[in-house]
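Features as listed in TrEMBL:
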type: COMPBIAS; residues: 1-12; note: compositional bias 'Basic residues'
type: REGION; residues: 1-36; note: region 'Disordered'
type: COMPBIAS; residues: 24-36; note: compositional bias 'Gly residues'
type: BINDING; residues: His46, Leu48, Gly73, Glu94, Asp121, Asn136; note: S-adenosyl-L-methionine binding site
type: DOMAIN; residues: 53-221; note: domain 'Ribosomal RNA adenine methylase transferase N-terminal'
Amino acid sequence: MGVKKSIGKKKDHGGGAATKGKGKGGAAGAMQGGQGVPTNKKFGQHLLRNPGIVDKIIAAADIKPSDTAFEIGPGTGNLTMKLVESCKKVIACEIDSRMAAEVRKRVSSAGRTNLEVKENDVLRESWPVFDVCVANLPYQISSPFTFKLLAHRPAFRCAVLMFQKEFAERLIANVGESQYGRLALNVKLFVKVTCVCKVSRMNFSPPPEVDSMVVKVVPRDPPIEVDFREWDGLMRIAFGRKRKTLRSSFCMTHTLKTLE
C-alpha cells in the first residue's frame with residue numbers, strides 16, 4: 001500500500017470506471033517508505049501518515065505462510081513489505097508505472113523474491129488464484145470491483161478492503177436502514193462483511209475531503225450456489241427504479257425482452 005487517491009466529494013453510486021484517472025486508490029502507505037516518489041496530481045494521491053492502519057489490515061487478513069496475497073495498488077510498498085514477509089507469494093496490481101518500479105526496487109533491496117507486479121487496470125485484467133486480497137480502492141471503481149470480487153472463482157479466504165466511508169456503510173447496511181440496497185443485498189448473499197476500523201481523513205497528507213473505512217469480506221462456507229451475474233442482473237431490475245413496484249419494473253418492454 002503506497003498512496004491514497006481522492007476525488008474529493010464525488011461519491012460512488014454503483015457505477016463503474018477504470019482505475020485510470022482521478023480517484024482514491026493504490027492501497028494507502030505510511031510515510032516511512034517511498035518518500036523519493038512524488039505524488040501525482042493527476043491521480044490526486046495522498047500519503048498515509050499512520051502506519052498503524054497497515055498493521056490493522058495485516059492483522060485482519062490473518063496471513064498464513066502458505067498464502068498467495070493479491071494486492072491492489074501497492075503504491076510505494078509499505079503494506080507490500082509486510083505481505084512478502086508473511087506469505088508465500090504476493091501478486092500486486094499497480095497502474096502507476098512509477099509506483100510499480102518503486103515497489104519492485106524496495107522489495108528486491110530487502111532480498112525478497114516472492115513479489116510479482118502486474119502493471120494494468122484491475123477491472124480489465126483476469127485475476128489470479130489467491131487466498132487473501134487487500135486493497136485501497138479508487139472511489140469510482142468501488143462497486144464494479146466489489147461485484148467482480150464476489151464473482152471471482154475459485155473462492156478466496158478473505159479480503160480486507162479500504163473504501164470511502166459512505167460506500168462501506170452501504171456495503172454493511174442491514175434491512176430497514178437508509179443505505180440498504182442492491183449492494184448490501186448482494187454482499188450478504190455471498191459473503192459476510194464486517195468493519196475493521198474507520199480511517200479519518202486526517203491520517204493522510206494532504207488530507208482528502210472524505211473519511212474511509214476498512215472492511216473484511218469472508219465468503220460464505222458452503223457457498224450459495226447461484227450464478228452471480230444472473231442474480232445481479234435480477235437485482236439491477238429490482239432496485240433500478242426507486243418508488244416503483246416490482247411488477248412495473250418487470251413489465252417494462254426492454255426488461256421483458258431481456259428475460260426472454
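Placement of Cβ uses the backbone N, Cα and C atoms for every residue, glycine included.
Feature map: annotations from TrEMBL on the structure.
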{"residue": "Gly73", "record": "S-adenosyl-L-methionine binding site", "CB count, 10 Å": "31"}
{"residue": "Glu94", "record": "S-adenosyl-L-methionine binding site", "CB count, 10 Å": "30"}
{"residue": "Asp121", "record": "S-adenosyl-L-methionine binding site", "CB count, 10 Å": "14"}
{"residue": "Asn136", "record": "S-adenosyl-L-methionine binding site", "CB count, 10 Å": "31"}
